[in-house]
Amino acid sequence: MFNNVIVRVPSKSISEGITSAHEGKPIYEVALVQHENYVSALTKCGVEVTVLEPKEEFPDSCFVEDVALCTSKCAIITRPGAESRREEAQLEDMHQALSKFYENIEKIEEPGTIEAGDIMMVGDHYYIGLSERTNQEGANQMISILEKYGLSGETVSLDEMLHLKTGLAYLENNNLLVAGEFKNKEAFDKFNKVEVELNEAYGANCIWVNDKVIVPEGYPNVQSKIENLGYEVLTVDTSEFRKIDGGLSCLSLRF
Ligand code: CIR
């Protein structure tokens, strides 16, 4: 059960976000409306949403998921692997917001790098993707911190995707959406894997929030697979975030 969510409003500079997609630049005004709709969908799931102000100097700063991991016991400030995003994790308003909810706030230190889009929570256990953004040192530090609080973690290697949760979404009740390179990873064999086809791969980045699942708009097969599992689905158009490799999960911290 999640009670709280933190988001950050996209900045005008979103048009300059890091991207590997060739879908053009996000349109700021459209991104703002999509972000408002995202917040409305979260509110429908019964969480309290803390909305942080936009930060022009950080084009990717609406993707708050990457700068902190929020667990049941502590929050951990990450150290993003992308140079242009590193200082995002030091933003004072985020630290203040986290300190309202957490007594224990930990930090990943140099030379560790980690972006929490690479971390998937399954109960008290955390899967950590080793990617271009998250290195072994960052993962080791994260696992030590988790263990200090009675939680646990393990690493999973990534070869193709940006982040672990680009192609995975844990929907609770042992249900795991899997796309691309994760379909055949042994680490996930114990789950009830629901496979997402290549042409809807972006739709694998969904979020479970209190028994509802928020799914990006425009991925009908993903949507019906999730509905067939018995979940109520809410959809939100995230086309502008997709243009800079961002999905639904990246836009919020949920705890
Ligand atoms: C980036 O490349 O860092 C951003 N343009 C997208 C971040 C997406 N975040 C995520 O998957 N957790």
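Each Cβ is built from the backbone N, Cα and C atoms, and glycine gets one as well.
As written in TrEMBL, here are the features:
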type     : residues : note
ACT_SITE : His163   : active site, proton donor
ACT_SITE : Cys250   : active site, nucleophile
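In the three-state DSSP scheme, the residue listed as 'active site, proton donor' falls into the coil class. In the shown protein chains, 25 other C-beta atoms lie within 10 A of the C-beta of Cys250 (active site, nucleophile).
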